[in-house]
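S.K.: Residues annotated as repeat 'PPR' in TrEMBL: 165-199, 200-235, 236-270, 271-305, 341-375, 411-445.
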Amino acid sequence: METPLLVGLELRCPPHLFNTHSRPSSSLSIPALSLRILTPTAATTSSAVIELPANVAEAPRSKRHSNSYLARKSAISEVQRSSDFLSSLQRLATVLKVQDLNVILRDFGISGRWQDLIQLFEWMQQHGKISVSTYSSCIKFVGAKNVSKALEIYQSIPDESTKINVYICNSILSCLVKNGKLDSCIKLFDQMKRDGLKPDVVTYNTLLAGCIKVKNGYPKAIELIGELPHNGIQMDSVMYGTVLAICASNGRSEEAENFIQQMKVEGHSPNIYHYSSLLNSYSWKGDYKKADELMTEMKSIGLVPNKVMMTTLLKVYIKGGLFDRSRELLSELESAGYAENEMPYCMLMDGLSKAGKLEEARSIFDDMKGKGVRSDGYANSIMISALCRSKRFKEAKELSRDSETTYEKCDLVMLNTMLCAYCRAGEMESVMRMMKKMDEQAVSPDYNTFHILIKYFIKEKLHLLAYQTTLDMHSKGHRLEEELCSSLIYHLGKIRAQAEAFSVYNMLRYSKRTICKELHEKILHILIQGNLLKDAYIVVKV
């Protein structure tokens, strides 16, 4: 990749180090820089002034650039500032080189001038002024806004050898990973390998980073690691960090321990981020004994637990049911200044409430409020859910109203929690207000939202409204729950809404699932009662 402009600074590192698609910032090494001094500095002391001999000429203040360089620099600036950059580009085409155009393209990307970036890229294609860096940069910037367009650009590369250039491939693979499209990413990667791609360490770090974000990403990660020796790649500290994070997100504590040992055997020293992932893997089962052993080992080698590790240890203790130790650790977090927001309090409140210790959870909640801890409303949400589980609907309703007043904007989780509280308390007016609020804030309902509303409408005998909500849920692509649909079908049959009941039955039937025999019999009975014999015949034939 070309150096954009000569400015007295040379980058002494391979180009791929600038492509940090999957490298955790904590483990990145800073590329070495070497400076060429263009204006020597005169040495001075506080006690004497040294005079140069008269016949020694003074060193030049700056290096004189060539006319060509100055013309290119001026042309770049003019195109960047022009309100009609294509006209300026056409006029200055003979002056600007490919690397200059790449500088402009990257500037457009950084400035968010997406349309200008696309037009410039297309102009460069038409005039044959394009390089590997052009494709890599364009894919990176376009992919941040529109992954489909980035794929289109990649697929449009005419030269097969350019198409499997590792920098270009890394750019498009990173776009797919960042947009949560790991399956598509892996398929494209397999095609790239068949076409001749020689993946590098950045390629694998990118793919492994994608495995962290998906359910059951561990098997795919192990498959990718198995390819490394074939490609002459050894795992480094960055890659180990990614793999350990994958183990943690999948609850694979034994595998995480094995990778830590493998690191040590290969001469790598695990740092606090590696140990943090191992500790997180223990939180799945609340393995506090191993967690304590790990903390002791860390301290023995001089590693001081940070906020993340102490919060993770709190999660381990809570999962293991060690609530007294959890309270002690929460006090340590407060003393260290690590409990300035609500997260550790929320974790302990949630654990206590789910263990049936509602009053203790309420005590933590009140203590947090009394200390003025910064909150986004999640603590309220946890307490509302806990009160609903304990059937203390009046208190849940009151806390929901307080949350509405305190927090102007709420996310979907909080809105669902308050909606559930109002539904359980039978507050129809409040339910309608929450639905209106979701519309006003442009918050799209999820599976839980629909499920809460359908159950509530059935309970309130608003069966046709429950049916309309089910239709909406189905149209949004959410999977219908058979037990809830069976209840709705029964109640629709009772009010002689046989056609609507049959519609719910069909939504279930066409969702590629096996329906229980009792539901077939239930809808058949409803259809016969409504004299819908043709529809009944269809059910018999199923």
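Yeah, the Cβs are placed from backbone N, Cα and C, and that goes for glycine too.
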S.K.: Which bits of the chain, at least 6 residues beyond where the repeat 'PPR' (200-235) starts or stops, bring a Cβ under 8 A of a Cβ in it?
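M.R.: Hits for the repeat 'PPR' (200-235): 16, 19, 21-23, 166, 169-170, 173-174, 176-177, 180, 182, 185-186, 189, 242-243, 245-247, 249-250, 252, 255, 266.
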S.K.: Kindly state the mean pLDDT of the repeat 'PPR' (411-445) in the predicted structure.
M.R.: 92
S.K.: How many helix, strand and coil residues does the repeat 'PPR' (271-305) contain under DSSP?
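M.R.: Residue counts in helix, strand and coil order: 24 helix, 0 strand, 11 coil.
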